[in-house]
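In what follows, a single structure is set out as structure tokens and then discussed.
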Amino acid sequence: MVKAVAVLRGDSKITGTVTFEQANESAPTTVSWNITGHDPNAERGMHIHQFGDNTNGCTSAGPHYNPFKKTHGAPTDEVRHVGDLGNIKTDAEGNAVGSVQDKLIKVIGAESILGRTIVVHAGTDDLGRGGNEESKKTGNAGPRPACGVIGIA
């Protein structure tokens, strides 16, 4: 079992951790999150971005991680970026706790997410169904108030 973690920080009150666990290269990856300080009772986009560079805040993380050159989509879509995790749901206090298994995200192997950045967005991900060009790239999920580089745990 290989485990990786990202500690979320940014220019907002949003903090938390996102962990990734994968047993072997062909196994799905379990993604778990515990995030506090976001908007209450909301759905907010969460994606893995290309670069592990946070020198200019979360904006320097670049676009969604997309090694197969697909368009943006929902985590359950056949056509999607590797980094497309959809939306997290927050409770009345703005906290989100959850987990999901994903077949495209890899901790182990050539398309590993290690050293890349996970970003929690300020808006809701439209899952590529927004009817415009930006939707097919970002899901119109908006600004990047918190992020963290994914590293071996």
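For all residues, glycine too, the Cβ spot is worked out from N, Cα and C.
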For the Zn(2+) site that Swiss-Prot assigns to His64, His81, Asp84, which of the candidates His38, His72 is also assigned? His72
State the residues, same chain only, that lie 6 or more residues beyond the ends of the compositional bias 'Basic and acidic residues' (126-137) and have a CB under 8 A from a CB inside it; answer 'none' if no residue qualifies. 63-64, 71-74, 77, 80, 84, 86
Quick one: which residues besides His64, His72, His81, Asp84 have a Cβ within 8 Å of the Zn(2+) site's Cβ centroid, in sequence order? His47, Tyr65, Asn66, Lys70, Thr71, Gly73, Arg80, Val82, Gly83, Gly128, Lys137, Thr138, Gly139
Those binding-site residues, out of His72, Asp84, Arg144, that come within 10 angstroms of His49 (Cu cation binding site) at the Cα: Asp84
